[in-house]
Amino acid sequence: MNFFIKSCFLDKEKTDCIVVSVFELSELSDSAIYLDKCSNGHITSLIKLGDIQGKIGDTLMLYKVPKILSKRILLVGCGKKDEINIIRFKKILKNTIHAIKKKSITNIVYSFSNINIDNIYWMIRRMVLSLKESLYETIKINNINIKNTNIHSITLNIIKKNDLFIAKTALKHALAIDHAITSTKNLSNLPPNICNPLYLSYKAQELSKKYENNIVVEIIDIKKMKELGMNAYIAVGNGSKNKPFMSVIKYSGNNIVNKKIIAFVGKGLTFDSGGISIKPALHMHEMKYDMCGAAAVYGTLIMAAELQLPLTVIGILSGCENMVGSHSFRPGDVLTTMSGQTVEILNTDAEGRLVLCDSLTYLERFSPDIVIDVATLTGACVTALGESVSGLFSNNEELSNQLLHASQETDDKIWSLPLFSEYHKELNSDIADFSNIGRGKAGAITAACFLSKFTKKYNWAHLDIAGTAWKSGKKSGATGRPVELLCQFLLNQSNYIYN
């Protein structure tokens, strides 16, 4: 499906459908008023019949409007003009797709006027991403081929010609971010018998072929891990026939404007049974999503390469599988991490932090200025923040504020939680430097405290996305979060100007 930006006369557009906004009390937007005048009041006469009130959720399809070349006009209710926010705007756009996608409509022109969502850049970007999200189809592994929509192209009409340049920039960014989000979702939604640690490494290597001028990939296999002393990482994968692979993706942009080295680490547990501390059977199938952190890092690197960001970015996909087997690590084991610190294992289902701790230590060789790890780490974070908000932890206030700012810009909500010294005491061990799990309280915080012990040499942030990375139930599947947030963080580091 293609997107286009242009400034046009709506009555002259030969298209299948023009979408315009109507507000409460049947107040027409400027675009709707223009079409109404061109049709000699035809739209007003139909609205007077009372079939649309302008409330959010209202839609009315008009056919063969006089003196209008478009085959249809879709009036979309937007509620009260001064109460439209990002959430309502997304709902409005979703309603338009619901009204259109089952019809034989291939080409659409959107002309949304009198809607104030920040500036034209954010208006266009949010439109494109919301429309793409509404049209996303989860990959199904079956022999049924169902076409979800006939839509081939969407044109966004820009009212003011002076806004065309920034609108085209917004479209470029939105399409790159959507590519990142869609790639993340598609990878996350794969079944674990297909997407295993080796498969993750193949996906990483594909990037070095597609973006050969900017991306280099190194794969760390179990032999190399042993040489490096990554014993915690290795231990997690010992129970599985699918051996661990760590993919190191190095992106180098052209004409670099920011000399900082930015690194992302993604937890890539392609399946997590819990190991010997086995999980309950109910919902265990969803543990294929325990690699959503790695998928998010993978997607974010795609965006950087698509937009040729003038940055140096490293992404690590920490691929592993936690299974029950005769070689599985056990509660009571003591592991020596790559950093030399020792960990007493009290629960084998607290495995993500063991994979991440060695990955975080490995990153030291690149002397990164910023490291952000992304992980479906703890159920405790879901208990604390629910399924709408990700947890944020950091050892650096400036980095934390930058992520919070990107969160506000993208409406991908995160919330900062503490790393006070009192929480570190929960990890005390009698026989090792510390244990891999606390005593049952503040689990998301103690998990972050564990990771913080391996991040002393750089500015670090941890995003716990256990509650936000996927949805359960009838419309289950990966959400693609927090990819847009991470992409926005990189755009901000790139000094892009939006207006």
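Keep in mind that glycine also has a Cβ here, set from the backbone N, Cα and C atoms.
Residues or ranges marked as Mn(2+) 2 binding site by Swiss-Prot: K267, D272, D290, E351. As annotated by Swiss-Prot, Mn(2+) 1 binding site applies to D272, D349, E351, with the evidence given as similarity to another entry. Taken from Swiss-Prot, the feature active site covers K279, R353, and the record attributes it to sequence analysis.
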Going by C-alpha positions, which of the recorded positions (K279, D349, R353) is nearest K267 (Mn(2+) 2 binding site)?
R353
I'd like the number of other C-beta atoms within 10 A of the C-beta of R353 (active site), please.
27
Given the Mn(2+) 2 site residues K267, D272, D290, E351, which other residues of that chain have a Cβ within 8 Å of the mean position of their Cβ atoms, reported in sequence order?
V236, G268, L269, M287, M291, C320, N322, G352, V355, A375, T376
Sequence-distant neighbours of D349 (Mn(2+) 1 binding site) in its chain (C-beta under 8 A, six or more apart):
D272, G274, G275, S277, I278, K279, N322
With a radius of 8 angstroms around the mean position of the C-beta atoms of D272, D349, E351, what other residues of the same chain does the Mn(2+) 1 site pick up?
V236, L269, S273, G274, G275, S277, K279, D290, N322, T348, A350, G352
Can you grab the distance from R353 (active site) over to D290 (Mn(2+) 2 binding site)? Cα atoms, rounded to a whole Å.
12
Cβ atoms near E351 (Mn(2+) 2 binding site) (within 10 Å, other residues, all chains):
29
Using Cβ atoms only, which residues of the same chain lie under 8 Å from D290 (Mn(2+) 2 binding site) while being at least 6 residues apart in sequence?
K267, L269, T270, F271, D272, G352, T376
Which one of these recorded positions has the most other Cβ atoms within 10 Å of its own Cβ: K267, K279?
K267
Which state, by DSSP, holds D290 (Mn(2+) 2 binding site): helix, strand or coil?
helix
